[in-house]
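Trainee: Found this in Swiss-Prot, in case it helps:
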BINDING   Cys77, Tyr368  heme b binding site
BINDING   Gln140, Trp249, Tyr250, Glu254, Asn259  L-arginine binding site
BINDING   Trp340, Phe353  (6R)-L-erythro-5,6,7,8-tetrahydrobiopterin binding site
BINDING   426-430, 561-592  FMN binding site
BINDING   704-715, 847-857  FAD binding site
BINDING   922-940, 1019-1034  NADP(+) binding site
DOMAIN    420-615  domain 'Flavodoxin-like'
DOMAIN    669-914  domain 'FAD-binding FR-type'
REGION    387-410  region 'Calmodulin-binding'
Amino acid sequence: MAIPGRGDVPRDPEEVLNDAKDFLGQYFASIRRANTPAHEARWKIVQEEVATTGTYQLTTTELVFGAKLAWRNASRCIGRIQWSKLQVFDCRQVTTTSGMFEALCNHIKYSTNKGNIRSAITLFPQRTDGKHDYRIWNSQLISYAGYRQPDGTVLGDPMHCEFTDLCLKLGWKPPRTAWDILPLVLSANGKDPDYFEIPRELVMEIHMTHPTFEWFKELELRWYALPAVSSMRFDCGGIEFTANAFNGWYMSTEIGCRNFCDTNRLNVLEKIAQNMGLDTRTPVNLWKDKALVEVNVAVLHSFQQHNATIVDHHTASESFIKHLDNENRLRSGCPADWIWIVPPMSSSITPVFHQEMALYYLKPSYEYQEPAWKTHQWQKSKPITGKRPINRKFHFKQIARAVKFTSKLFGRALSKRIKATVLYATETGKSEQYAKELGVIFGHAFNAQVHCMADYDITSIEHEALLLVVTSTFGNGDPPENGVAFGEHLCEILYADQVGEDSTGNQMLTPKSFIKANSDIQRYTAGNPKKLNRLESLKGSTTDATSIDSFGPLSNVRFAVFALGSSAYPNFCNFGKYVDKLLVDLGGERIHDLATGDEMCGQDQAFRKWASSVFNVACETFCLDDDETLQEAKRALGTVALSEETVQFARAGCRPATLHAALQKSLNKQFVSCTVKANKDLGDASAERSTIFIDLEPKEEIKYNPGDHVGIIACNRKELVESLLSRIKDVDDYDEPLQLQLLKETHTSSGLVKSWEPHEKLPIMSVRELFTRFLDITTPPTTILLQYLATTCEDEEEKKQLNVLATDPGAYEDWRHFHFPTLPEVLDQFPSARPNASLLAALLSPLQPRFYSISSSPLAHAKRLHLTVAVVTYRTQDGEGPVHYGVCSNYLMERKPGDEVYLFIRSAPNFHLPQDLSVPLILIGPGTGIAPFRGFWHHRRALQNSCSRTTTGPVWLFFGCRTKTMDLYREEKEQALKEGVLSKVFLALSREKEVPKTYVQEVAENVGAEIHDLLINKGAHFYVCGDCKMAEDVHQKLKGIVKKHGNMTDEQVQNFMFMLKEENRYHEDIFGITLRTAEVHSASRESARRNRVASQP
């Protein structure tokens, strides 16, 4: 490519299109979407824009990609190994010089970062016709003035004499010292320039001292810590940005050799040598070399003393060689200008001196352009003939004097340009609730955006400034359904990065990757990986600035993760931990340790503590220290965001949706309506617990595989709803369709506008129906809800008690676990509380679907769906409290033939049958854990009947229950044994009279040798379905079987279990606690405590 010109003439549309086509090809290739419909659609849009306007607008992600790539292509930069770590401030919306000045002050503050320099670029509007350019007239944002003296000498920096003269003619009145910071001279939209003095507190200056020469400080040398180039043209995709400022950090020789010792700069070399006692009359004694070394020693020493980032020329050279190797491997070349790359000192003993380099030019790029004062078309009298009036300078200088940079004026301006992306994945809606709360908190100081992982464009992740992840874990370590794709995409990025960009083997990782991750993650704790922290990693460093240890696709992303889960499960918060680890492995910088929120204990308090802490760290990381803004955010944390004045029920202006449509919108699921065909109890009349069989007929075709789940939408019990309705106010007719509305505030050019907006999820529905079908009134209220209830109490003692529960985590958890109260029970406990129905509806969580394993086969039970459901009832308060009824199990038990039930299918790909019928199966499922296995044996029978010649492998079923009266599907199992569909059936009884107490894992241990043979020699698949405690006991027992009969060490056993999961031969379908007897509840709390302790770093 030809040497780039100065770019003084605007480009014609044809040239713009040629460059745009090339750039878009690079961009879409970088996100692995080259030649896709998205690429073609974007190219079409660009062509249309150019045809209409002669130019086009880059998207934000294209701009960020281009800015980083231009640094990567910069042939004269030795520090390009850091090219992906560039913070881009998109200021294309700025149209005034005062706006430009504000943005550049923000840039200086962010990049200086109290000495921990961060690379950044600020970009202003692009060139259009060449007559409305935006320009920064300074060659660097920070530089020292140079005053020509009558005797021909220069006071200050001789390099800037011409520009200093220009500033003086514009009206600048400096103190005229050797270290005056030049004002910023800015022009917007082709208009004449204005100048602005940079607040001195923004400029970090390093006063030079020497580690051994005390006299060095008497020279009063100093230099600014931030090298921010501001006079170059950014050329990207045919678009030219004539006004931009970008910075890295200093290499010591730039100051020590060039700025201090060049003869046309400060030229202090001879003075230094004389102070050293060297003879400066002859070059033979190498006095220049000796003095030059000591000046550079002083520069490095001084920066280190001030904890300011700098890199020495040896380290920089070595990092460039590494970068060169990387680029040759990844891009088959690296443009490099040898003359500029080789340091001005000790050249031949650096590796770059001996490195052959090829100089060629790539786009996007940063190019030189003529100084603005040489090309500007003045609209008023030229400054060389007289002073022009200063229109805005004095006004803005008044503002700068009136408020410090840490004020709202500057702090909030910076915050609007720093994006904080909050991602969530959820099954129950809790993570979504927390994510939105986090969005509100961060919205006080950042441009906060909240997305579900399933809706997030993964190609944007490399360009995020701040990423906050809030995610739950489904089952025993799996991602929520709307987080699966995100996790897989992260795996794909990591795989591509490890294999190499040009690898043709790159493909989407399968969901079984999560199974392996679930195993690997057990060996991971939040404290294991090195915590990358910009606040500490580069301070005073001469080597870390070019370290490549933390490089990766996400090396410019700062992140923090809050993981939700239940410590009743062994793989506590597994998916959140997995995402946290993946982000680190991809080069992301964790600004806060992973935090976990336990459903069993103090989840709300853990979230609020983490949210407050991560907000403070994020503000510190991005230099947002506006005290008022921080206080506003802290006030928002842990308080009721809504009030009785901002929520209301109103008559709707349109007809209510059908119940089916309303449920689909509320839960964002596609439901199928089913008719109940049969509902029968599976146990004998003497059985102490009820388990029912439900036969459903879908009203439309559904597709599923054995092992999948259904999500059932249940109703709250009528007596609970009636009790609640009797205690609420602000609604007269509970059966009138109403719309829940929230008062929204919008900032417009006309001021603050308030309007009532419909709730985003709750439909137009009667209040009775909302509390029956849409809102969760059985889960113990959150501390936020208790805080609101306290405000509605007329009795002061009740108000005091509720406030204690809302603010004391220990008291809340003890109360919650002992009473486990429904909302009506809470209102009974505090009878003077009278909440508003509207605010109560807004604060309550949605009533979530309950999941059940499918007990049928699509081959054996066409157009039918079977469920096996344990009916849950229990007493709270150690068995002495009121009877509680499981919401969904009792709802299903009460359904009669002909009743309608709404459900949806949730795929469980990790619990499907192997395709090969000859593969042996080991099935372990006590109680309702037998549910999916009934579908399995019916499915196997249907397959065997249709493929008579196929050899089928053995199927062993281990079932457990309390007594023989609870032996579910006993007759079906006996028939399957007779037909050879089941090979062996084992029964474990834990409460049968005159029979030794046994559990399924103990029965399995008794035939451990055979199980070992099936797994090792026959390739059997091992399935476990049941509660989390049983599943963990089975897992541990299987490890013991393998160790004993395989004569393995503990490490070999661990590796074997990892292998089973990696090969997708160990399958778990695990659910939480369904029985809340005192015995079970006490055991679950103790198990949860152990799992929490085990998961801590």
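Here the Cβ of each residue, glycine as well, is placed from N, Cα and C on the backbone.
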Trainee: Pull out the binding-site residues from the set Phe353, Gly576, Leu586, Ser856 whose C-alpha sits within 10 Å of the C-alpha of Trp937 (NADP(+) binding site).
Mentor: Ser856
Trainee: Where Trp340 ((6R)-L-erythro-5,6,7,8-tetrahydrobiopterin binding site) and Cys77 (heme b binding site) are concerned, what is their Cα separation in Å, rounded?
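Mentor: That comes out at 7 Å between the alpha carbons.
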Trainee: I need the most crowded of these binding-site residues: Gly576, Gly707. Count other C-beta atoms within 10 angstroms of each C-beta and give me the top one.
Mentor: Gly576
Trainee: Excluding near sequence neighbours, so keeping only residues 6 or more apart in the same chain, what lies with its CB under 8 A of Ala1020 (NADP(+) binding site)?
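Mentor: Val919, Pro920, Leu921, Ile922, Gly953, Ile1011, Leu1014, Arg1065 - these are the non-local Cβ neighbours of Ala1020 (NADP(+) binding site), listed in sequence order.
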Trainee: Would you give the longest CA-CA distance, in whole angstrom, between residues of Gln140, Trp249, Tyr250, Glu254, Asn259, the set recorded as binding L-arginine?
Mentor: 15
Trainee: Which one of the binding-site residues (Cys77, Ile713, Ile922, Cys1025, Met1030) has its C-beta surrounded by the most other C-beta atoms within 10 angstroms?
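Mentor: Result of the Cβ crowding comparison: Cys1025.
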Trainee: Name the one residue among Trp249, Tyr250, Gly576 whose Cα is closest in three-dimensional space to that of Met1030 (NADP(+) binding site); these are the binding-site residues.
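Mentor: For Met1030 (NADP(+) binding site), the closest Cα among Trp249, Tyr250, Gly576 is found at Gly576.
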Trainee: Helix, strand or coil for Met1030 (NADP(+) binding site)? Use DSSP.
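Mentor: Its secondary structure by DSSP: helix.
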Trainee: Work through the binding-site residues one by one (Cys77, Trp249, Tyr250, Gly576, Ile591) and name whichever has its CA nearest to the CA of Ile713 (FAD binding site).
Mentor: Gly576
Trainee: By Cβ count within 10 Å, point out the most packed of the binding-site residues listed: Gly927, Pro932.
Mentor: Pro932
Trainee: Among all the protein chains here, how many other CB atoms are within 10 A of the CB of Tyr368 (heme b binding site)?
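Mentor: Around Tyr368 (heme b binding site), other Cβ atoms within 10 Å: 12.
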Trainee: Please identify, among the binding-site residues Glu254, Asn259, Ser566, Lys581, the one with the smallest Cα-Cα distance to Ser853 (FAD binding site).
Mentor: Ser566
Trainee: Using the CB centroid of Gln140, Trp249, Tyr250, Glu254, Asn259 as the L-arginine site centre, which other residues of the same chain sit with their CB within 8 A?
Mentor: Trp223, Pro227, Met251, Ile255
